[in-house]
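Heads up, the thing below is written out as structure tokens.
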Amino acid sequence: MESTGNQHNQGMHANHNLTGFIIFLCSESVIFLAFFSGYALLKLNALDWLPHGVEGLEWQTPLINTFVLVSSSGTIYLAERQMARHNVWGFRGWWLATMALGGYFLWGQAVEWSGLKFGFTSGTFGGTFYLLTGFHGLHVLTGVLLMALMLGKSFIPNNYKGGEQGIQATSLFWHFVDVIWIILFVLIYVWQRS
Amino acid sequence: MTLASYDPRVLKSNAPVPGAPDNWKRFFSFNTDAKVIGIQYITVAIFFLLIGGLLAMIMRGELITPENDLVDRTVYNGLYTMHGTIMLFMFIFPVLNGLNNLLIPTMIGAPDMAFPRLNAVAFWLVPIFGVILISSFLLPGGPANSGWWSYPPVSTQNPLGNLVSGEGMWLTAVALSGVSSIMGAVNFVTTIIRMRAPGMTFFRMPIFIWTAWAAQSLQLIGLPALTGGAIMLLFDLVVGTSFFQPEGGGDPVLYQHFFWFYSHPAVYVIILPVFGIFSELFSAHSRKPLFGYAFVALASFAIVFLGLIVWVHHFFPSGVPEWMRNLFMVTTMLISVPTGVKVFAWLATIWGGKLRLNTPMLFSLGGLFNFVFAGVTGIMLATVPIDIHVNNTYFVVGHFHYVIYGAAVMGIYAAIYHWFPKFTGRMYYEGLGKLHFFLTFIGTNLNFFPMHPLGLMGMPRRVSSYDPEFTFWNVVASLGSFLLGVSIIPFLINMISSWVRGPQAPQNPWNAIGLEWLLPSPPPAENFEENVPTVISGPYGYGTGKPLVENQSAYENQSLLEA
């Protein structure tokens, strides 16, 4: 009797965690909304959007990065499915694959940054570019670190009773980062002409 | 001061009593109990109120004569900047979070907040960013001095060129305050959504819970925008980006949008819980059910919705397009509809009631009076032609001080007196409380009313010297501000002495209805623990004879002990 009461409490508490995390993500999305609307406003009102010597942004590498990130949303879903079937090693495999894709995305972003001819002081174009991609990259990094934490936790015995909430939250965060990237890709790379 | 003098239930549980004055050391520790955190918040906030008030009194001392003779002009700029920042970010938000911590769990029958550790972290950020902000007074260039809104390009000047500037410290403190408020908001909203007592449906929640929920939702939606703007401003200031620098293609008005997208709703973050306090207190001290409960509850979220789409009225003269001015004038005027619903509901509640004119009720009535006055000048300011005429004059300063001090701070005082017996287990001294009320009420009106004629005459805000024709009203306002400074003395004496050696408070000194009044005074650490009552009716059944919870007499007689 006492143990069921205890479990009930634990379940409720875990639900709080997920509720709190969803509320936090809603709030976090507003900061991106602020950056996106600021970017659009500055771009629409700019006289010379591109700094001297910059023709535009190369979009092939970022497109590959986009495919990588979108497919990582698929792999994290598969990892969650494996978890639901209590196949822990299947979960770890897909989870690790997601982490690898996230890591590849970050590496691709770093390669792109190092090849650019402008810095963050190159007018509002440079400033907003590095602000948006950098702030998003920070979220990708956070996501990868969260996944590493969850992977480590999966090796603690008997951690799954109510422990899936952490995985759910990480997965939710990862989809969030993915959606933000798609909007960002459209705003920065697809919409080149101001 | 032994535990033996407290309620027998408390004695039985043998646990420390959060609000009791014994073992004061826990108020200086990383305590995760919402009731301890609530008192920590309120105490720290009142400490900063004293600092912010002192800065205000120095300014009023400067303004008692037309000449610039007391402080240097640059120091004066720092004074009004820090006054506004301290009062908003370090007094009023923390004091409201303190009330939320005390009231939300007890009013909904939860043992604690949803995330107790997060709650403690959110609180301890307050003294940290407080120290950061106050220590900027010691910098060679002085504190931030571009006004509490920190508009670029003034705020990005940094004439001394030091990496650590007053403005940089200001931005850091505001960003940390934002982090703390977001942590708090996530916690409060989760607690309200998930931890209500059985039977407490949304439309059985006390209005304070509705308004706290509405206000915290506004924090969640608005604060990230300010944080975004602050990050961009910090980059402009420190690493040389040009988001808001016209010479680099940036747009200073964009910052104003970011700033006011949060800072206008921030006004509702402040005033909504005070509406909640008014609703609780008018009903309890008039011995009548709250008039139009459902409308008052829903009006809170109408205010949230409208409050998010009025921000441009803060900078009508900043070159915003004509359509925007018209649109935001209309939305600003619309917001007086849900607000008016509440005001009329309170009037109808008081009407024909058996009023008890004790300190909390006096503060509520005084607060309502000031709020209505501020509402009238608010409608005037919403009108674009008037706003452009009196923009950046003392009219605006008078208007928002009537809201923030006249209504919000007086409502907060009302709440402190009303719930003081509950959370400390001690009664305050009624005479000192009434003295505090009369000094505050007279001081507020003496201080802030003269700002209206001054503004209409054309006296600009944020100046340390002025034309001698403005002298009369300035002297009156300065005297009022010193009276306000005096008014805090009976308050402090009352709070400290009655907390330490005041008479024992009964469980329900006001015969008020609400779950918190079914708890002993002060409530034990986990509130109801396992014996959470089942709510069976709405929150304001005064005079109806309907019990609030199942088996109410058991809670009232505290026979819970045997259960």
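Glycine is treated like the rest: Cβ placed from N, Cα and C.
Just so you know, TrEMBL annotations are computer predictions that nobody has curated.
Per TrEMBL, the features are as follows:
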DOMAIN    B:24-536  domain 'Cytochrome oxidase subunit I profile'
TRANSMEM  B:36-59  transmembrane segment
TRANSMEM  B:79-99  transmembrane segment
TRANSMEM  B:120-139  transmembrane segment
TRANSMEM  B:169-195  transmembrane segment
TRANSMEM  B:207-239  transmembrane segment
TRANSMEM  B:259-278  transmembrane segment
TRANSMEM  B:290-316  transmembrane segment
TRANSMEM  B:328-350  transmembrane segment
TRANSMEM  B:362-382  transmembrane segment
TRANSMEM  B:402-420  transmembrane segment
TRANSMEM  B:432-450  transmembrane segment
TRANSMEM  B:470-493  transmembrane segment
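The recorded stretches the transmembrane segment (B:259-278) and the transmembrane segment (B:79-99) share 3+ CB pairs below 8 A when only pairs 6 or more apart in sequence are counted, and are therefore in contact. Here the transmembrane segment (B:120-139) sits against the transmembrane segment (B:36-59); at least 3 CB pairs are under 8 Å, leaving out pairs fewer than 6 apart in sequence. Sequence-remote contacts of a segment are chain residues at least 6 beyond its ends whose Cβ falls under 8 Å from one of its Cβ atoms, and for the transmembrane segment (B:36-59) they are 18-19, 26-27, 70-71, 76, 79-80, 82-83, 86-87, 90-92, 94-95, 97-103, 119-120, 123, 126-127, 130, 134, 416, 423, 464, 481-482, 484-485, 488, 492.
Taking the domain 'Cytochrome oxidase subunit I profile' (B:24-536) as a whole, pLDDT averages 94 in the prediction.
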